[in-house]
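Q: Please find one structure pasted underneath; my questions will follow.
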Amino acid sequence: MVSEITHKSYPLHFVLFPFMAQGHMIPMVDIARLLAQRGVKITIVTTPHNAARFKNVLSRAIESGLPISIVQVKLPSQEAGLPEGNETLDSLVSMELMIHFLKAVNMLEEPVQKLFEEMSPQPSCIISDFCLPYTSKIAKKFNIPKILFHGMCCFCLLCMHILRKNREIVENLKSDKEHFVVPYFPDRVEFTRPQVPVATYVPGDWHEITEDMVEADKTSYGVIVNTYQELEPAYANDYKEARSGKAWTIGPVSLCNKVGADKAERGNKADIDQDECLKWLNSKEEGSVLYVCLGSICNLPLSQLKELGLGLEESQRPFIWVIRGWEKNKELHEWFSESGFEERIKDRGLLIKGWAPQMLILSHHSVGGFLTHCGWNSTLEGLTAGLPLLTWPLFADQFCNEKLAVQVLKAGVSAGVDQPMKWGEEEKIGVLVDKEGVKKAVEELMGESDDAKEIRRRAKELGELAHKAVEEGGSSHSNITSLLEDIMQLAQSNN
């Protein structure tokens, strides 16, 4: 095991580059704390606004003696054609700004290079989000190994790896509705073309950016994955083999949040009083509450959100519904009051407008299920809490995560969404699951059928395995040790 003594004789210094989006930043901050707990000096490079989001959690970590520091770099917004103040993905008012955002982020190469010239001690390793391909140039210039972090599971990473090597499979499909089987996969899993996060061709600037990301992926020294061996063993083994052994599963990283305040403020300060939330949860029966959260970048149209709300109401089960605080939802809040929805569900439903203390809620004994958009952080947090999932994927890797949870792990029920909610086409796509479909899916998950009971048993089992994985001697704990030993050997051979 890498010991404190070894660190003191040859201190390791990891520089972390999180991508500026909540779903990417949250696990990277957890990774920083996990590594710092092993005596590694950590430097996090981010922008002022993003640093402010994690100020409380990181301040507590630093005050407890963890060797973590934050270096802030200004995002060159204007130079990239981005309005000032747009420092996070979830702050973009339209996805048209996404290309400008990615350009701005990757223009940080020059100021970061200057930082590295002055950094002490010299960095031993870079851990970078895959959305930041410029960090490969920094790693090459300073001869530092770069570890990639995708924020996805091994199931999805292996799927992407196979489909990139066999592009003709997706390219030869006759339509977006045609299904195909992923070859060389441990299980038989079918997708349609829009459901997989592998673009066969993207035009203009997008093509250049995605190619840069793929190239940076290929040339990275290795990969860390926020998952645990026992959750997806066949996929973890095959992906590790595809990466020539340099893939380490170190999750669930969220379990480093043991203090109540860290759980409550993970990612951002909650928009509901913690005591008020706990009081409401304490008033409900064990396992009776459905927690509903479709992520920080939910783009469902108003018509679909109404059907979701009415379906939750008709399910006659207590629920917490987290609604992202963005401009489009103003109409939804008007509907809540004008239609009488908020009044009708006030005794049974809790509406949280904005950011919720998700980890705190998921770990409460009264919560018995999680309706999720299947972002990997949420999927893993739900399973780690031992909760069965009601899956409602929107885009990106979320259909992969649904297939893993429902088909492979058998720890969830699909709401029945079969196509992505494309940005800019939400109104055209409209309602994919009506209120009857929502009510039926909730019953399948939370009801008393044999299937529902088996799904709940399976989810609970996976939750117990998650906690064992991060304990000393567990698979993820051992993999962090293995990663540090690998980087230690490299650092010593380079000097």
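Cβ coordinates come from backbone N, Cα and C, glycine included.
Residues or ranges marked as active site, proton acceptor by Swiss-Prot: HIS24. The feature anthocyanidin binding site is assigned by Swiss-Prot to HIS24, ALA396, with similarity to another entry given as support. Here Swiss-Prot flags ASP129 as active site, charge relay. Positions annotated as UDP-alpha-D-glucose binding site by Swiss-Prot, on the basis of similarity to another entry: ALA356, GLN358, HIS373, TRP376, ASN377, SER378, GLU381, ASP397, GLN398.
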Q: Quick one: which of these recorded positions, HIS24, ASP129, ALA396, have their CA within 10 A of ASN377 (UDP-alpha-D-glucose binding site)?
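A: Among HIS24, ASP129, ALA396, the ones whose Cα sits within 10 Å of that of ASN377 (UDP-alpha-D-glucose binding site) are HIS24.
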Q: Select the closest residue to ALA396 (anthocyanidin binding site) from the following recorded positions, measuring between CA atoms: HIS24, ASP129, ALA356, HIS373, GLU381.
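A: Given the candidates HIS24, ASP129, ALA356, HIS373, GLU381, the nearest one is HIS373.
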Q: Can you tell me how far the Cα of HIS24 (active site, proton acceptor) sits from the Cα of GLU381 (UDP-alpha-D-glucose binding site), in Å?
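A: GLU381 (UDP-alpha-D-glucose binding site) has its Cα 14 Å from the Cα of HIS24 (active site, proton acceptor).
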Q: Have a look around GLN398 (UDP-alpha-D-glucose binding site) and count the other CB atoms within 10 A of its CB, chains all included.
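A: Excluding its own Cβ, the number within 10 Å is 26.
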Q: Could you state the whole-number distance in Å separating the C-alpha atoms of ASP129 (active site, charge relay) and GLN398 (UDP-alpha-D-glucose binding site)?
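A: Taking the Cα atoms only, ASP129 (active site, charge relay) lies 18 Å from GLN398 (UDP-alpha-D-glucose binding site).
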Q: Can you check which residue among the binding-site residues ALA356, ALA396 has the largest number of Cβ atoms within 10 Å of its own?
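A: Going through ALA356, ALA396 one by one, the largest Cβ count within 10 Å is at ALA356.
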Q: In sequence order, which residues at least six apart in the same chain have a CB under 8 Å from the CB of HIS373 (UDP-alpha-D-glucose binding site)?
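A: Residues satisfying the criterion: CYS293, LEU294, GLY295, CYS298, TRP392, PRO393, LEU394, GLN398.
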Q: For a quick check of understanding: given the listed UDP-alpha-D-glucose-binding residues ALA356, GLN358, HIS373, TRP376, ASN377, SER378, GLU381, ASP397, GLN398, what is the maximum Cα-Cα distance in angstrom, as an integer?
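A: The two farthest binding residues have Cα atoms 23 Å apart.
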Q: Under a three-state reduction of DSSP output, how is the residue listed as 'active site, charge relay' classified: helix, strand, or coil?
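A: Looking at the DSSP assignment, the residue listed as 'active site, charge relay' belongs to a strand.
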Q: Taking the Cβ of ASN377 (UDP-alpha-D-glucose binding site) as the centre, count every other Cβ atom within 10 Å, in any protein chain shown.
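A: Within a 10 Å radius of the Cβ of ASN377 (UDP-alpha-D-glucose binding site) lie 26 other Cβ atoms.
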Q: Would you count the other C-beta atoms found within 10 angstroms of the C-beta of GLU381 (UDP-alpha-D-glucose binding site) for me?
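A: Total other Cβ atoms inside 10 Å, all chains included: 25.
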